[in-house]
């Protein structure tokens, strides 16, 4: 298939592009490089074994997207592009709504004009808000996300659902993922946050290589086994595989298809710290800090629907997530070159 991947040079996008190329698909990457670096592109080509086309541009440029869809005869779109830092979204709500919501509106408007009606959307478990029961199941009503980031993901889900209802021939997959971590097993591709990492695993990795002094563990008085927050961590390679499988199985299958992509088990912050310490062979310096507003004690996915309908399930453990992250970070302590 001929696939447009928006945000394809970012963390999850780049790993997905490698899997698409390895599966024989033709890939066009659209990215404005605000959260990624151009130097990942030759890595994608080398690991994927095939050349992807790269277009530097913004998701909000509808004319550019229309041109790409026509010129490359695109069959399907995998939509990663957007801003993704929860804390930053609270400080910059307008930027988040503009990029994530308006950007998606521009994308699907261009798709409609070009008669491209297969879309895989990178959603998030944040759309569930605070649920009374765990694990989270796709049939749960969506909640009230705490941040503009989470709200933007929910808004886009609602927009795409309304679009498909009005134009039933569309096939739209809403992939709700939990906490992506890990790196390509080659050690040549991984998460390279711009500035201070917002997520746990890359922060631990930077502590391990000496870029950060200590990890702040927010809250050690939660009603969990060790008192720290529990989340569902999924290896980025399993997540990439999930996108490829969803794209291949749902092409031209009309409807809105919602799937949780997660490991289906919860791991605490200290579980992750201990796994990483084992991977790098040294203790990770950490200290406890007060809880953060809006953080939930524990949640994880019920991913049985993706197993049942897509024949997709995770194959990589928390130890492998830590090992692959350490392999990447130790080989590239400063991330990608500029």
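Note that Cβ sites are derived from N, Cα and C of the backbone, with glycine treated the same way.
Annotated features, as they stand in Swiss-Prot:
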{"type": "ACT_SITE", "residues": "149", "note": "active site, proton acceptor"}
{"type": "BINDING", "residues": "11-12, 31-36, 58-59, 80-84, 99, 124, 149, 153, 178", "note": "NAD(+) binding site"}
{"type": "BINDING", "residues": "124, 149, 179, 199, 200, 216, 217, 218, 231, 292, 293, 294, 295, 299", "note": "substrate binding site"}
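Across the residues the record lists as binding substrate (124, 149, 179, 199, 200, 216, 217, 218, 231, 292, 293, 294, 295, 299), the two Cα atoms farthest apart are 24 Å from each other. Within the set of binding-site residues (293, 295), the lowest number of other Cβ atoms found within 10 Å of a Cβ is recorded at 293. For the binding-site residues 153, 231, counting C-beta atoms within 10 A of each C-beta gives the highest total at 153. The local packing around residue 11 (NAD(+) binding site), expressed as other Cβ atoms within 10 Å of its Cβ over all shown chains, amounts to 25.
In the structure shown, the C-beta of 59 has more C-beta neighbours within 10 angstroms than that of any other entry among the binding-site residues 59, 200, 217.
Counting in whole angstrom, residue 124 (substrate binding site) lies 15 from residue 11 (NAD(+) binding site) by their C-alpha atoms. Annotation note: residue 59 (NAD(+) binding site) sits in a coil segment as assigned by DSSP. Residue 231 (substrate binding site) has 149 as its nearest neighbour among the recorded positions 32, 59, 82, 99, 149, going by CA to CA distance. Here the CA atom of residue 200 (substrate binding site) lies 20 Å from the CA atom of residue 82 (NAD(+) binding site).
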